[in-house]
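Peer 1: Before anything else, here's the structure in question.
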Amino acid sequence: MRLHGTGLTLSYDKRVVATDLDVTIPDGSFTVIIGPNACGKSTTLRALARMLKPRAGAVHLDGAVITSLPSKEVARRLGLLPQSSIVPDGITVADLVGRGRYPHQRMMRQWSREDEVAVASAMDATDVSDLADRCVDELSGGQRQRVWLAMALAQETPILLLDEPTTFLDIAHQIEVLDLCADLHEQGRTLVAVLHDLNQACRYATHLIVMRDGRIVAEGAPATIVTAALVREVFDLRCEIIEDPQSGTPLIVPETRRRARTPA
Amino acid sequence: MTVLRLRDWSLRLSPRGLAVGAAITALGVALSLVALSTGEFTVPVPDIVAALFGDGPPAAELIVSRLRAPRVVTGLLVGAAFGLSGAIFQSLTRNPLGSPDFIGFTAGASTGGIAAVILGGSAWQISGASLAGCVACALLVYALAFRRGVQGYRLILVGIGVNALLVSADWYMLTRANINDAATAGSWITGSLSGRGWDHAIPVAVALAVLLPLCAWLSRPLRMMEMGDDAAKAVGIHVEPVRAAAIAVGVLLCGVATAAAGPVIFVAMAAPQLARRLARSPGVTLTASALTGAVLLVGADLAAQRVFAPIQLPVGIMTAAIGGTYLVFLLRRERR
């Protein structure tokens, strides 16, 4: 496995989010981490992306402790789409996407032919080529997220981590971004995403990691692990599981309050 | 964007950025020539050139090489240092208000300078004290704002607090000082280039020679950090060390500039904003900010000497007037 963490204790200052956590990302998978608020899913992703230094344990990339590798070298193998980034004033789409090439550049090699090709194909894959000369400030939320994704793609990393890539998007744009992720996965990348929506996670993930209170409660293919009992254990939600008529994956249908009130 | 390539090397240049840089440089040269040539005695331009190479008429040589040139050179260097310092801090804090003249660093320099004036320090001691005041104040602000790294917003708020404290300390010293010291200190804190000699210009030149390469090295990671710490770390930047280095460079630039010319306000704030709007570049650009700062300060000094002649104003009054007016004009035009 190229990316895994062992014995991780993760904390922000004094607040410990997870202790002795082992997490493994299967190569070539589209892994989705899911769980209730404050379960540590984003924290775990941030640790895998070396944004957060574990207090104990270590994250390994290709057999080496990730922090022992040169940072730019890591950035050529593992990319991250952060939960929120700041759009520099007045930057164009092409410029922003080009910034993803940073780990491939040096002071005297600022814009190679490979950079040009990578940026063009990243914009092509995310369908933002037509917006190349537009200012990012003027774009809609969905377009903007595609541009950030294009920047991460331009980095040309075999592993790509996405921290809640669908937050702040309406449903149509959420599906658009997830379909795009599925395409990227099919082209051979390993993807790891934190998502909120359990049904979307079931539909797109090839490997699901379900967390609660800083522990992994279950992991595996959605169809084999997602049950009503699991959802109740993890989310405290009574539900019924049916087959998604579109994808055949598990579909969670929460029980209504009225039915929950009727005596058993 | 134009790309220059040679074997494995490539440089990326914006045509507009280059044109604007050239135009600002030309304006700087023109203003410098006017400043060297005009005044109480007019020196024709050919004599200026001859004097600078040491074979002009003796009178021209005295006026140009001894009196006017050091003042112009000090102005250019100090303006460039302020422009760079402002650009670095505005980039770090992602906020135009994050300039050293707003977050207390210039105030620290003032406090040091005033204290030295009142204690009867020599010109060198005043410069040294203002540099020390600037560095001490920066360390204080950095330490107070530090919490799991330094966030721009906290840095600005802490800086504004420290700034207010230091300004009140300045006024306390000014009201307690005897009338002569208070007058000297009062003219010093406005910022002035009058009477500046080569001994003022050389320390700034040395500091710039050391710090400019560092600025060039910092400019690319700083640009990435404007998108947020996570985005910068994701592409392989060591965010905290880069930030600490950038703060150190920015503080030193601001400190040596203040030591040479006093705490001239507004250049550090306005130059990067003017440069960015002229070059239409995303984010803060260091080179254009340095050039704009140099031109702004020399232009303001020229205006301070000539507009109300024979009354000579301290340059600090003019930087705010000229820089402020032009910035408001640009902002108005942008809104349409």
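Glycine too: its Cβ is placed from the backbone N, Cα and C atoms.
Below are the features listed in TrEMBL for this protein:
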- B:17-36: transmembrane segment (TRANSMEM)
- B:72-90: transmembrane segment (TRANSMEM)
- B:102-121: transmembrane segment (TRANSMEM)
- B:128-146: transmembrane segment (TRANSMEM)
- B:152-174: transmembrane segment (TRANSMEM)
- B:201-219: transmembrane segment (TRANSMEM)
- B:245-271: transmembrane segment (TRANSMEM)
- B:311-331: transmembrane segment (TRANSMEM)
Peer 1: Between the stretches B:17-36, B:72-90, B:102-121, B:128-146, B:201-219, which wins on the count of C-beta pairs under 8 angstroms to the transmembrane segment (B:245-271)?
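Peer 2: Maximum Cβ contact count belongs to B:72-90.
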Peer 1: Under 8 Å, at least 3 Cβ pairs, sequence separation 6 or more: does that hold for the transmembrane segment (B:102-121) versus the transmembrane segment (B:17-36)?
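Peer 2: No, since the transmembrane segment (B:102-121) and the transmembrane segment (B:17-36) share fewer than 3 Cβ pairs closer than 8 Å, they do not count as touching.
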Peer 1: Hey, which of B:17-36, B:72-90, B:128-146, B:201-219 has the most Cβ-Cβ pairs under 8 Å against the transmembrane segment (B:152-174)?
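Peer 2: Top-ranked stretch among B:17-36, B:72-90, B:128-146, B:201-219: B:128-146.
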Peer 1: Against which stretches of its own chain does the transmembrane segment (B:17-36) lie, if we need a Cβ under 8 Å and a gap of at least six residues from its ends?
Peer 2: 43, 45, 48, 64, 68-69, 71-72, 75-76, 275, 278-279, 281, 285, 287-288, 291-292, 294-295, 298-299, 301-302, 305
